[in-house]
There are 2 protein chains.
Amino acid sequence: MSDRFAFSLDATDGPARTGRIETPRGTIRTPAFMPVGTAGTVKGMLPGSVAETGADVLLGNTYHLMLRPGAERIARLGGLHKFMNWPGPILTDSGGFQVMSLGALRKLDPDGVTFRSHIDGSRHRLTPERSMEIQRLLGSDIVMAFDECPALPADRARIASSMRLSMEWAARSREAFGDRPGHALFGIQQGGLEEDLRAESAEALRAIGFDGYAVGGLAVGEGQAAMFGCLDYAPEQLPADKPRYLMGVGKPDDIVGAVARGIDMMDCVLPTRSGRTGQAWTRRGQVNIRNARHADDPRPLDEHCTCPCCRGYSRAYLHHVSRAKEMIAGMLLTWHNLHYYQEIMAGMRAAIPAGRFAAWEAEFHRLRAEGDIAPL
Amino acid sequence: MSDRFAFSLDATDGPARTGRIETPRGTIRTPAFMPVGTAGTVKGMLPGSVAETGADVLLGNTYHLMLRPGAERIARLGGLHKFMNWPGPILTDSGGFQVMSLGALRKLDPDGVTFRSHIDGSRHRLTPERSMEIQRLLGSDIVMAFDECPALPADRARIASSMRLSMEWAARSREAFGDRPGHALFGIQQGGLEEDLRAESAEALRAIGFDGYAVGGLAVGEGQAAMFGCLDYAPEQLPADKPRYLMGVGKPDDIVGAVARGIDMMDCVLPTRSGRTGQAWTRRGQVNIRNARHADDPRPLDEHCTCPCCRGYSRAYLHHVSRAKEMIAGMLLTWHNLHYYQEIMAGMRAAIPAGRFAAWEAEFHRLRAEGDIAPL
């Protein structure tokens, strides 16, 4: 633990990197997967259980928290860590992405964005300055610059103008954030799938100077091949001595492919959201536990998994409680999914310093290709 | 622990009793409150967490489990304990009560009851013999005789004929249960609010001979005063050397009043169900956490409570997650409610041998009369 924010690289293996981010609230081992605690809770989990899966850091959503219960309220109550009972580091997004995906009647102007809440229709405005203020009120350890991001596909002119607006907002975010020892501000690279626009964006961010850099604007519908194509060049456009964060990614193979291309941090709702709809992720791929073939299966999801779900419950039980819409179905599957995601991260963190990342990756893909265990 | 089922009384204080039920799966300290694990899960809780609240025994519902996932399936999977990952004792009801309250198109005849599933409309039949078979397939430690119970108010003739049918079914249940060392069969007293019918029912059950005796047919709409009126005589009509179980009760003050009248065991969905709708029970009464007055309250539900909900979370947080319909709201409030219920039981179990049950009860009512803490 440290009284300031610092990143150190421990080892690399090709583009893949492992290291640690020190914060006053604890160390984040990279590559790191951040479970999403949208509205002040990782859905279906108690915070202590999230920590047990091996997560070092959570993501909180500025958009959700500003609307309900409100950033000023959380500040009065002592900040988001205390509010949600998570003592470790928290990264908050800027709200920009979710305003555009969830907010109603949104109107973008060069200064910011005005929108109505999807909860109660109330009117709100986000600007780089207000986003910095909200993230400060929440007490976020890692603050994201306020940006704007078009859905893909979009034409090059739209991507370029959006990226340049985001770079202006990045500078305003940096200015508004000020100097806050122990807290970090990350800039967000945009530019869609255009390598030269990505380079221009990276250059603009470097010139402003951030504590870390996100690759933004991916995982918005372009597909894995296009995303990996972008990740073949985008991370190395960013400073090597700062953490690189790929926002909103992804499935297990997306994550492994991103780390293989030099990414240090990721977040995604997938392991939590799928757990609530009967979807499990294992070393051998995806399992839909509601499928009838599991109804009499006494085996766990994954006999090699050490999570409480796999240690205590059969597929038959998970099938039953998921079909019966019992809360425990979402609780156990979410726990398993987050545990498996953290196991992937731990595996990569061990493989990289040993110089065996490629072998680890090959074994990861070999097991997935085998597919789920056959019915009894 | 014991290889057989046995009940021993440790102390009495007036009609209030404390003791222990030994079973091969563990000891049940009485008076005992049994959380309800309807369909193979105590809703919103992991079994280890239920045990942490101090629960020694769970209740499972024959009606729900026979319909989904099916008793034969649970037997093939190794029984209900293994299926739901609860190694301790389990009591199962007979299915009779829930057939009458939940089953569709139900038709009662002297041999049993035919009905359609509320889940998929499939046709089913329960008789005393089939109920015993299902409870054996589930692996229940404490099996309830199959009975029939009219809703109150009902006229005396209906109550009498229903009670006499239940006594015939009790004899058939006893016959069908047979001799199963380590497993117990409880008879169920009926007779509505008619003291002489209750006495007749108790006599019939004694003549058959059971390992424990339930007071059935209460908490079906008669109100607390009428229920307590019945409990002023019903428990003492039953054998003093066997456990006495009041089915489906109740609110905290119902439970305390029942123990004061000689009851040893109770079950109720109230602490779990209310937890999922934002209702908490504390030493100072009921709290509706969705009420706006909690939105900014940094205090826990009960500052003297040691449950994870009260140790980690403010009323403001619980208000937020309950309003936002987050799973953690039901998880935390259920945990708190079950913890509080078990705290009541532990308090009574300590007060009775010390001869201070009346003082304990007076303090219980004094705190409740004070009402919830005032807003800040």
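Backbone N, Cα and C atoms are what each Cβ position is placed from, and that goes for glycine too.
According to TrEMBL, the protein carries these features:
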REGION    B:1-23  region 'Disordered'
DOMAIN    B:14-368  domain 'tRNA-guanine(15) transglycosylase-like'
BINDING   B:Asp93, B:Ser94, B:Gly95, B:Gly96, B:Phe97, B:Asp147, B:Gln190, B:Gly217  substrate binding site
ACT_SITE  B:Asp93  active site, proton acceptor
REGION    B:248-254  region 'RNA binding'
ACT_SITE  B:Asp267  active site, nucleophile
REGION    B:272-276  region 'RNA binding'
BINDING   B:Cys305, B:Cys307, B:Cys310, B:His336  Zn(2+) binding site
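Annotated features, which come from TrEMBL, shown on the structure.
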residue	record	contacts (Cβ under 8 Å, 6+ apart)
B:Asp93	substrate binding site	B:Leu59, B:Gly60, B:Asn61, B:Thr62, B:Tyr63, B:Met144, B:Met247
B:Ser94	substrate binding site	B:Thr62, B:Leu126, B:Ser131, B:Gln135, B:Val143, B:Met144, B:Ala145, B:Phe146, B:Asp147, B:Ser173, B:Ile188
B:Gly96	substrate binding site	B:Val113, B:Leu126, B:Ser131, B:Phe146, B:Asp147, B:Glu148, B:Cys149
B:Gln190	substrate binding site	B:Asp147, B:Glu148, B:Cys149, B:Ile159, B:Ser162, B:Met163, B:Ser166, B:Met167, B:Leu197, B:Arg198, B:Ser201, B:Gly216, B:Gly217
B:Asp267	active site, nucleophile	B:Phe33, B:Met34, B:Pro35, B:Val36, B:Leu59, B:Leu91, B:Met247, B:Gly248, B:Val249
B:Cys305	Zn(2+) binding site	B:Thr282, B:Arg283, B:Arg311, B:His336, B:His339, B:Tyr340, B:Glu343
B:Cys307	Zn(2+) binding site	B:Thr53, B:Trp335, B:His336, B:His339, B:Tyr340
B:Cys310	Zn(2+) binding site	B:Pro300, B:Leu301, B:Asp302, B:Glu303, B:His336
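Around the Cβ of B:His336 (Zn(2+) binding site), 28 further Cβ atoms fall within 10 Å across all displayed protein chains. Tertiary neighbourhood of the region 'RNA binding' (B:248-254): same-chain residues 97, 218-220, 224, 227, 266-268, 270, 281, 340-341, 344, 364-365, 368, selected by CB-CB distance under 8 Å and a gap of 6+ residues from either end. Remark: B:Phe97 (substrate binding site) has B:Tyr63, B:Asp147, B:Cys149, B:Gly216, B:Met247, B:Gly248 as non-local neighbours, by Cβ distance under 8 Å and separation of at least 6 in sequence.
Below 8 angstroms of C-beta separation, residues 29-32, 89, 141-142, 181-184, 211-212, 235-236, 240-243, 259-262, 264, 348-349, 351-353, 355-358 of the same chain, each at least six residues beyond the ends of the region 'Disordered' (B:1-23), sit close to that stretch. Excluding B:Asp93, B:Ser94, B:Gly95, B:Gly96, B:Phe97, B:Asp147, B:Gln190, B:Gly217, which define the substrate site, the same chain contributes B:Met144, B:Ala145, B:Phe146, B:Glu148, B:Cys149, B:Ser166, B:Ile188, B:Gly216, B:Met247 within 8 Å (Cβ to the Cβ centroid), listed in sequence order. The DSSP breakdown of the region 'RNA binding' (B:272-276) into helical (H, G, I), extended (E, B) and coil residues amounts to 4 helix, 0 strand, 1 coil. DSSP classifies B:Gly96 (substrate binding site) as helix under the three-state reduction. Mapped onto DSSP classes, the region 'RNA binding' (B:248-254) shows 3 helix, 0 strand, 4 coil. Spatially close to B:Gly95 (substrate binding site) yet at least six residues away along the chain are B:Asn61, B:Thr62, B:Tyr63, B:Met66, B:Leu126, B:Ser131, B:Ile134, B:Phe146, judged by Cβ distances under 8 angstroms. Shown for the region 'Disordered' (B:1-23): DSSP residue counts in helix, strand and coil, namely 0 helix, 16 strand, 7 coil. For the recorded Zn(2+) site, residues B:Cys305, B:Cys307, B:Cys310, B:His336 set the reference point as the centre of their Cβ atoms, and the other residues of that chain within 8 Å of it by Cβ are B:Pro300, B:Leu301, B:Asp302, B:Thr306, B:Pro308, B:Cys309, B:Arg311, B:Trp335, B:His339, B:Tyr340. The Cβ of B:Gly217 (substrate binding site) has 32 neighbouring Cβ atoms from other residues within 10 Å, across all protein chains displayed.
According to its DSSP assignment, B:Asp147 (substrate binding site) is coil.
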